[in-house]
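Per TrEMBL, the feature disulfide bond maps to Cys121-Cys131, Cys145-Cys154, Cys938-Cys947, Cys950-Cys964. Feature annotation from TrEMBL assigns domain 'CUB' to 3-119. What TrEMBL lists as domain 'EGF-like' is 117-155. Per TrEMBL, domain 'C-type lectin' is recorded for 662-780. For 921-964, the entry in TrEMBL reads domain 'Laminin EGF-like'.
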Amino acid sequence: QHCFFFCRLTEPSGYLTDGPINYKYKTKCTWLIEGYPNAILRLRFNHFATECSWDHMYVYDGDSIYAPLIAVFSGLIVPEVRGNETVPEVVTTSGYALLHFFSDAAYNLTGFNIFYSINSCPNNCSEHGKCTTSVSVPSRVYCECDKYWKGEACDIPYCKANCGSPDHGYCDLTGEKLCVCNDSWQGPDCSLNVPSTESYWILPNVKPFSPSVGRASHKAVLHGKFMWVIGGYTFNYSSFQMVLNYNLESSIWNVVPVSKGPLQRYGHTLALYQEDIYMYGGKIETNNGNVTDELWIFNIHSQTWSTRTPAVLVHGQQYAVEGHSAHIVELDSRDVVMIIIFGYSAIYGYTSIVQEYYIRSNSWLVPETKGAIVQGGYGHTSVYDELTKSVYVHGGYKALPGNKYGLVDDLYRYEVNTRTWTILKESGFARYLHSAVLINGAMLIFGGNTHNDTSLSNGAKCFSADFLAYDIACDEWKILPKPNLHRDVNRFGHTAVVSNGSMYIFGGFSSVLLNDILVYKPPNCEAFRDEELCKNARPGIRCLWNKKHCESWESGHANNILRAKCPKKTAAADDRCYRYADCASCTANTNGCQWCDDKKCISANSNCIKNYTKCHVRNEQICNKLTSCKSCSLHLNCQWDQRQQECQALPAHLCGEGWSHIGDACLRINSSRESYDNAKLYCYNLSGNLASLTTSKEVEFVLDEIQKYTLQKISPWVGLRKINISYWGWDDMSPFTNTTLQWLPGEPNDSGFCAYLERAEVAGLKANPCTAMADGLVCEKPVVSPNQNARPCKKPCSLRTTCSNCTSNGMECMWCSSTKRCVDSNAYIISFPYGQCLEWQTATCSPQNCSGLRTCGQCLEQPGCGWCNDPSNTGKGQCLEGSSRGPMKPVSMHSNEMVLDASLCPKEKNYEWSFIQCPACQCNGHSTCINSNVCDHCKNLTTGKQCETCMPGYYGDPTNGGQC
């Protein structure tokens, strides 16, 4: 079945495709597969190639988009390993499946081919078992697996090589079906020594298990033998558990029942201090997708929540962010501080700030940082290293210069005591929503979303299983082998924690919400018996030779860095340095670059600036890192250019050639001899006025300047004149006070109504007839904004509540009609990282509810609407929210849950419900049909094939019974 508006499939099996050629830009189509009540429907994605993060295929377990969402496919879905039986299969249990596809207008790809079948065995038993009919439920089938294969689809191998029996271990064939290793052997097949020089991955057999555990953009912290998991995104929050813990020793999940506490959120952070878990920020999906600045504390001992409201210090503010990271550290000053790094703010855009929360004093600070000028963003990861007292920050989704945005591969170090940023070597692999942990001196990065909008259709995958290691001591990256498990484990939005030197990964997203645990066991330093092997052990591990044995990096001393054996660093190449556009970033990095001639970062060994502390920070370096009008306007020396959509530095010379910038004004002195009126005209022609010298700064400047004229005497006109008999006032309408500038003795005399400045022993003012001549004049004009595009900030996208005011400002904002939210165009992807937006608009606004659609054709274009045809059968009717079985209404006023309500389109009164195809007769209520679909005669001043327009000379909207 090819891609067009809507079609119904009723065969017991078949294929869905987007058609034989690449799918078109801006495509939208829906399929409904109908089985019978409670039949099991399996969908198998044989080929799927769409644009990552923009084009989505939604799968619902039911006959409408109001049914439970179970999968959102996007990007490329290709098995990592040939023959690896991991092409995803999606299962619905209602007897229906509704698939809805929406594509944007960027670029087209090869599309998809999806096979469906009703009541078949999972994955055809993966060719490792046979499909058998159930005795208890005759309509159900299940897989009977061959020996050494297990799982619902017989897709999990076990007891490879019989576990090296009897020396290494034995195979437990009756219980959990896995290898039980002897004490000195380990690994999934007992083939590795204890301790081992090799690493391995395992998927533990997790006990009591419910799908509601599955989530993404949650957070996890380790406390003792428990991994605590809080929050996260899920398709359906009704059965979602906010707080869970997982026992790493027994592999058992526990749901923690909490009666009162925060609303569900994702993209927040967790940080542990003693018995308390501190949760900050995040997005509250159930609250219009608002990003919050709430600070909550969960006490592990009492299992209760409390909230804190910190005092904000030094005229600062607290930024509500999502996609940030956080660590609680003890500073040298003995303060215990939660350090919050970067994040995305719905008001201020992508932030490059650090926020500090002082736990003991309950206070909040946004400190000034030193060193490199870094660019912050959303969905990076960070780890805190106790040895270097630094946080290491990698990747993320950021706004880049020139109004661009995308993924980065940056790595930064932030020293927590000195608040100093340094740029380290980048990984070469951009990503966001990945995970990071620190084991043995190495930062291990796993997974993430690696698709950049620029990587046209060359197939960067949305979900990756990339595994990278960064060696802190040597500032170098290595690619580690991907997990060699029996199935793909690609994902983003997952978490990782470390316990006993092993990494535990949980959850995330890979078209479906994941609820699995992956465990990575790195090599053990103690397994290296000789000094050379010990010192060279890497990648992903760093060991130290201590007299006669090899020990881990952590168990060595704090001065380990000095003893690290690193490959020799090559001298920095110029092209590595050219990327840095400012002095501080050029010198606060590990590339050995230097800053020369105030504009250039080079590697040559010249006598240029080598240390960032010698740099002079220029405004443009700070301004061009600010990504929203609001954040730009907080800086006095920056301004937002509406046309370019970027933050620019105010030029140093705001007054132009020949003018001097004094305080808030521009002043200019001319020595020509003029009357008051001509002097005024001269200033007027330069867009100014005669100067109102109302501040001591201006007076000092003018007096200093007129002293410099040695060859001629200058006594210039100023903008002061007599307004009425007794009152003198400045040109800018401010009253004259005898303070900053004073009348000379005997002044003002009665003959003059205009004032000039006399250069005497003590300079002062004299009155003169306005027609008389004076030697010189002083002009003044306001400091002009150099950029006419700079205006006050418009309302941030996130605060606009209707489609029309969201899309009224060109392409700055995008409106998501399914969630009724307005978001920044440069943050669309991170606003809906899991495909939460079914369809978006940037210019035209369609009605926000089904009832606003006036014809059946428009109505059925929307996947959530159906048409109730009027008994007259003339094409008149009503568009309503609904499913294939009938119209639906919300369960209650504030609920998103919908229920069937046949009374909205009563069959017994001859109303007819259409969900897939419109009734044949479509005459908008102005005619009956002949041959069932041809309008017989258009009445009521209407004309057209479907009586859809007014006759010449008449106007109105005759659709759906409207008048002309």
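Quick reminder: no glycine exception, Cβ is built from N, Cα and C everywhere.
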Problem set entry | Residue among disulfide-bonded residues Cys938, Cys947 with least C-beta crowding, 10 angstrom cut-off | Cys938
Problem set entry | In the chain carrying Cys154 (disulfide bond), residues 6 or more apart in sequence that have Cβ under 8 angstroms from it | Cys125, Ser126, His128, Gly129, Cys143, Cys145, Asp146
Seminar exercise, completed: Same-chain residues at least 6 beyond the ends of the domain 'Laminin EGF-like' (921-964) with CB under 8 Å of its CB atoms are 854-857, 870, 872-877
Exercise. For Cys131 (disulfide bond), what is the secondary structure by DSSP, using just helix, strand and coil?
Worked result: strand
Problem set entry | Tally of residues which DSSP labels helix, strand or coil - the domain 'C-type lectin' (662-780) | 22 helix, 47 strand, 50 coil
Exercise. What residues, ordered by sequence, lie under 8 A Cβ-to-Cβ from Cys964 (disulfide bond) and sit at least six positions away in the same chain?
Worked result: Asn940, Leu941, Thr942, Cys950, Met951, Tyr954, Tyr955, Gly956, Pro958
Exercise. In sequence order, which residues at least six apart in the same chain have a CB under 8 Å from the CB of Cys121 (disulfide bond)?
Worked result: Cys131, Val141, Tyr142, Cys143, Ala153
Exercise. What counts of helix, strand and coil residues does DSSP assign across the domain 'Laminin EGF-like' (921-964)?
Worked result: 3 helix, 8 strand, 33 coil
Seminar exercise, completed: Mean pLDDT across the domain 'EGF-like' (117-155) comes out at 90
For this session: Could you put numbers on the helix, strand and coil content of the domain 'EGF-like' (117-155), residue by residue per DSSP?
Result: 6 helix, 14 strand, 19 coil
Problem set entry | Sparsest Cβ surroundings (other CB atoms within 10 Å) among the disulfide-bonded residues Cys131, Cys145, Cys950 | Cys131
